[in-house]
Amino acid sequence: MGSGCRIECIFFSEFHPTLGPKITYQVPEDFISRELFDTVQVYIITKPELQNKLITVTAMEKKLIGCPVCIEHKKYSRNALLFNLGFVCDAQAKTCALEPIVKKLAGYLTTLELESSFVSMEESKQKLVPIMTILLEELNASGRCTLPIDESNTIHLKVIEQRPDPPVAQEYDVPVFTKDKEDFFNSQWDLTTQQILPYIDGFRHIQKISAEADVELNLVRIAIQNLLYYGVVTLVSILQYSNVYCPTPKVQDLVDDKSLQEACLSYVTKQGHKRASLRDVFQLYCSLSPGTTVRDLIGRHPQQLQHVDERKLIQFGLMKNLIRRLQKYPVRVTREEQSHPARLYTGCHSYDEICCKTGMSYHELDERLENDPNIIICWK
């Protein structure tokens, strides 16, 4: 498990009929001081309105995560059993990934109590100490844990690392598989995703995939967004031979990183050709500059492109952030016309977006804007 959510302590707290809220067990022992527990106990053994809810509280440079449980029955002292099995982490730790584990453990202990009085009987409750020890060690070591409770009950737990939200997939974005397409099995995806997978080739944009797969555009965007979240695809811009690119500082990684070199040369070499040389590929990337189109690059470097697929060259460069695209954004300098597509000429909408929204080709849009004295083109 990542160090960002390392568990420092696991505790079991309960409400004692005469002593009130107390820590019954903790692993390691004496980790939670009396002072810390006194500070947070109202969030560990809580009032009814906070019971069965995930609670995270930070105090004294520690973050405690718990899910207070209350089981009401006349067999218990004061007609209720109150307990909480929780985790303690550093105050700065990102603990979102641990919350489902805490919630699940609360549910398991509730079920075990209802079925066999596991928590309320002293003999079985003592089994919590070795269980908590295994939990602490295995979750910290591997992010997963299998807990045999008794002959008929086993608990399986796994920490699911939180992924950052991916960029929003737009109709003019081009999805590209991050690994070999054959590595992904169609059957593991929903029907919409299965329908569009054959059309993801690294060159079709989302709107084109929607049209050719005969799937509603918004459904395609949702499916691509899901693939993005799981890292199955990444997004690049539409490839046109009139496009302009320039290298980023990361292009230097191609010289320093052997594994990146291997991946790049395998990716960009033309099928059936002798393997491309690193020298040629690096020179091609460094030859990209403002004012140089892909068409210009092909005309100026026929020798270097003998074994290099220029489309794959651009695609790989974008995927690995070795290069970036300079896009054209039309800006209308007067406010006279607000018709479609003139309202898109604000400097906030790229050629890719405008062409997708209007159905115009790049050439048609270029001609239209070149003949309009009130339009200027901003490159960014």
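Quick reminder: no glycine exception, Cβ is built from N, Cα and C everywhere.
There are 9 other CB atoms within 10 A of the CB of Arg78 (GDP binding site), with all protein chains counted. Secondary structure from DSSP puts Arg78 (GDP binding site) in a helix. The GDP binding site annotation in Swiss-Prot covers Arg78 and rests on experimental evidence.
According to Swiss-Prot, the ubiquitin cross-link annotation covers Lys158 (among others). The secondary structure of Lys158 (ubiquitin cross-link), as reduced to three states from DSSP, is extended strand.
Feature annotation from Swiss-Prot assigns ubiquitin cross-link to Lys357 (among others); the stated evidence is experimental evidence. Reduced to three states, the DSSP call for Lys357 (ubiquitin cross-link) is helix. Neighbour count (other Cβ atoms within 10 Å of the Cβ, all protein chains): 15 for Lys357 (ubiquitin cross-link).
Residues or ranges marked as asymmetric dimethylarginine by Swiss-Prot: Arg78.
As annotated by Swiss-Prot, region 'Interaction with PDPK1' applies to 1-133. Shown for the region 'Interaction with PDPK1' (1-133): DSSP residue counts in helix, strand and coil, namely 51 helix, 41 strand, 41 coil.
Residues or ranges marked as site 'Arginine finger' in Swiss-Prot: Ser124. With a cut-off of 8 Å between CB atoms and residues at least 6 apart in sequence, the same chain places Ser116, Ser117, Phe118 near Ser124 (site 'Arginine finger'), listed in sequence order.
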Measuring Cα to Cα, how far is Arg78 (GDP binding site) from Lys158 (ubiquitin cross-link) in Å?
36
What's the number of neighbouring CB atoms sitting within 10 A of the CB on Lys158 (ubiquitin cross-link)?
16
